[in-house]
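Have a look at the structure below, then the notes.
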Amino acid sequence: MKNSIGREIPDFIPGLGKVTGFGGAFAYKPVGRTAGATLTTCLPRADKLLASIETAIDAVGLKDGMTISFHHHFRNGDRILNRVVEAIAKKGIRDITLSPSSLNTVNDALIPYIEQGVITAIETSGARGKMGRFLTEGHLKKPLHIRSHGGRAQAIESGAIHIDVAFLGAPACDRYGNINGIQGQSACGSLGYAIQDAAYADQVVAITDNLMPHPLFPISIPQTQVDYIVVVDSIGDPTGIASGALRYTKDPKELLIAKYAADVLDYSGYLQQDFSMQLGSGGASMAVGRFIKTKMLERGITGSFGVGGMTGVFAEMMEEGLFKMMFDVQSFDIPAIDSIKKNSNHLEMSASYYANPHNSGAIVNNLDAVILSATEVDVDFNVNVITDSNGVIMGASGGHCDTAAGAKLTIVVAPLLRGRLPMVKDAVQTVVTPGETVDAIVTERGIAINPKRLDIIDKVKHSGLPIMSIHELKDIAYKLCGKPEAIGLSDEIVGVVEYRDGTIIDVIRRPIL
Amino acid sequence: MSKLLKAAQAGTVESSDILISLMPAEAATGIQVELVSPTLQQYGKHIKNLIIETLVFHGIEDVQVYANDKGALDCTIKARVKTALERAGE
Amino acid sequence: MEKLRRSMMFVPGNNPGMLLNAGIYGADTIILDCEDAVAITEKDSARNLVFQAISELNYGTEVAVRINHISTPFGWDDLKRVLPAKPDLIRLPMAQGPEEIRQIDEFISEAEEKNKFPAGSIKMMAAVETPKGLRFAYEIAAASPRMVALAIGAEDFIANLKTTRSKLGRELLAARGQLVLAAREAGIQCIDTVFSDINDEEGFKRELELIKEMGFDGKSVVNPRQVSVVHDFFAPTAKEMDHAERVLAAYQEALEKKSGVISLNGKMIDLPIVARAERTLAYAKAAAGKGGK
């Protein structure tokens, strides 16, 4: 069948079963009740502390075919995921479904366990590096199941993802299992993704290198959800967890794109007193903050709140009084971690609060504007952030489609060319975010507004900005590069991209490389 | 000039550039192009043809070409081939 | 209306990536550089690349080529190769006197004829970088009707003066002043030297303030990030614009009434004031044209 954006999706996908095709950003109406953890009890004076990860695997009764989850707050400094899978493999357990909130290049070390059949399914936000290429080649038994951050929260709450055991790295953990992410040598700031897993997993194992006296303060994940605690020497490498302050790019092309994006936001009329916004990571989208800040100061306006993966750049604006508060699902750099530690208006939030479409209202619904990066976009305004131009998995869905759906104004920034490759095309390789939720594409050579946003088109008409149709923008790229030949694809499906509502927006077919 | 006097190179392996190496070839062996490119699937054929056309335009019949592409546009490819040819004919 | 050259941005002539994006930053003129930015061993590469870039990339802005001086082994070859691509402007470095300007002028005339370009369509400018060049600045400026601007190249000039560059730029005061005088006498534009410390935004602004006061029409820049700073600086203030508009309105009114005397708020307005008002509004229009609030 073809889904509503014209992508060919099989009704039945080997390894996944029967699937529902995407039918529009808000078409799907959820039914049923939320899922939940199995009932349990913990007797007074019981000791949750276990000697090792191996003991914990035994204690939770991990078996072939179970689903285990992890958070990715330690990014490339993570020392938990690889370590736990190694221990599972040694015990001869197989056929595990890995369900981490995302994968980083440090997790390339898992490749041998996929080859050995220890891991046979992965559901996550995306994959990069060697792992991305490996999964693209189809070595995993089931197709890689890609969900957005909001989509993962939705799937966990609906039961589409059933986590048997969550192994959660805990920068600070007391003897009864209260956890936060802001204290200790492996502090990572917000634990937004872990909060979700802890609440819905049947069993939760906290792994910490910083066991603190009970009760811990503050508490992000409560003791009521944590079954076991394991103390290890180190759960993360601080240099890989967070970089020093992420600074604005100095690349002139990215700065130009950022300036155009800030101008589009401005002319569209959303840059008003008490506006709210999210800035994606990536050079150009982050740099938009700099231009917005200048505009806010010039006009003497202040914003209401910021959302997202947070950086020190945003924290700085909040501390200067330019924003009232920040909702943080993931803290990207050391200044952001410091800020969540000291600023009471810098709030930690769960993935569900952030972006889940099937609750009574995630914070993305309150966003005025979001600026997002893209790998490729097409003339239907669809966005790809998962595969490169050769069809190889190299990115993550993240909160892309969630924020695009929620915000009143969604601006996607991308260079028009990468090397010789045009980034505005007739059709993107893989759709992650549907064009109906994207309002403007901003490149260094031109800006295209979604034709359904007549209101914005009208407002930017006389701005002097290089406004053009998306087809004109594509033509500029094709004129410089030539029309790219389509890459060869096999019929084998190596990945499925789920929209935030659980329907399938696209599939990734193995490219013939 | 239908034949190269000596081997020559032009260009770099920096982003958006292409390194063209020309080597003299025996008469009647034709133009042989070996291309390495990150955009082989999208533009491989086009780039090879462009290199051959540029060489033919300058009257070259026999040459071995090694092209290491880093995402160069047509204008860059033509300029690099031309420079390599001038250097090969000195 | 005279062509604005507030920012003339140098782009290394042998760098394909930078040539590709040279036109996107809104510089009034881009200068594709075959001279200092190109190693001696790559002069041939650069002129071929610059030729192809001008021929195929639609820059949508004035395109200049800085050739090597004709006394080097590269200058004439640069001209021979790039002129058939029809650059808008040829920039000569190290100008020493009017004779070389006339030689290049002739060479361009021949190329224009050969390539069937309109006669005189390719313009010229020259950079003064030596005390001798400065002494002949007016003669250089007046040596050809193609000449549209003089520029000062500070690095070589300072070396010739046996001093060093300072933050306040006093060492260049005499040269800048004389160059403006020579350019104005010849009726052409005058462009200031580059400011190479791109991270010193304060220093850059100080220098812009100085050269604007001195009468320069624009500045050479080395980094795209400097373009908008220059344009902001040359953009007239609201007060200046308001005054200019009222001057032109008064002038228009006088023309309609066929009155010989123009006055605004009881003050006499003569033609130079009208010309300056026109210039002010042209700068304002250019500043508004590139988008953004």
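Backbone N, Cα and C atoms are what each Cβ position is placed from, and that goes for glycine too.
For reference, TrEMBL has these:
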- C:R66, C:E129: substrate binding site (BINDING)
- C:E129, C:D156: Mg(2+) binding site (BINDING)
- C:6-224: domain 'HpcH/HpaI aldolase/citrate lyase' (DOMAIN)
Structural state of C:E129 (substrate binding site), classified by DSSP into three states: coil
Fewest Cβ neighbours within 10 Å, where candidates are the binding-site residues C:E129, C:D156: C:D156
Number of Cβ atoms other than its own within 10 Å, given for C:R66 (substrate binding site): 27
Pairwise CA distance, C:R66 (substrate binding site) versus C:D156 (Mg(2+) binding site), rounded so that it is a whole Å: 16
C:E129 (substrate binding site) and C:D156 (Mg(2+) binding site), distance between Cα atoms, whole Å: 6
Structural state of C:R66 (substrate binding site), classified by DSSP into three states: strand
Segment-level pLDDT (mean, integer) for the domain 'HpcH/HpaI aldolase/citrate lyase' (C:6-224): 95
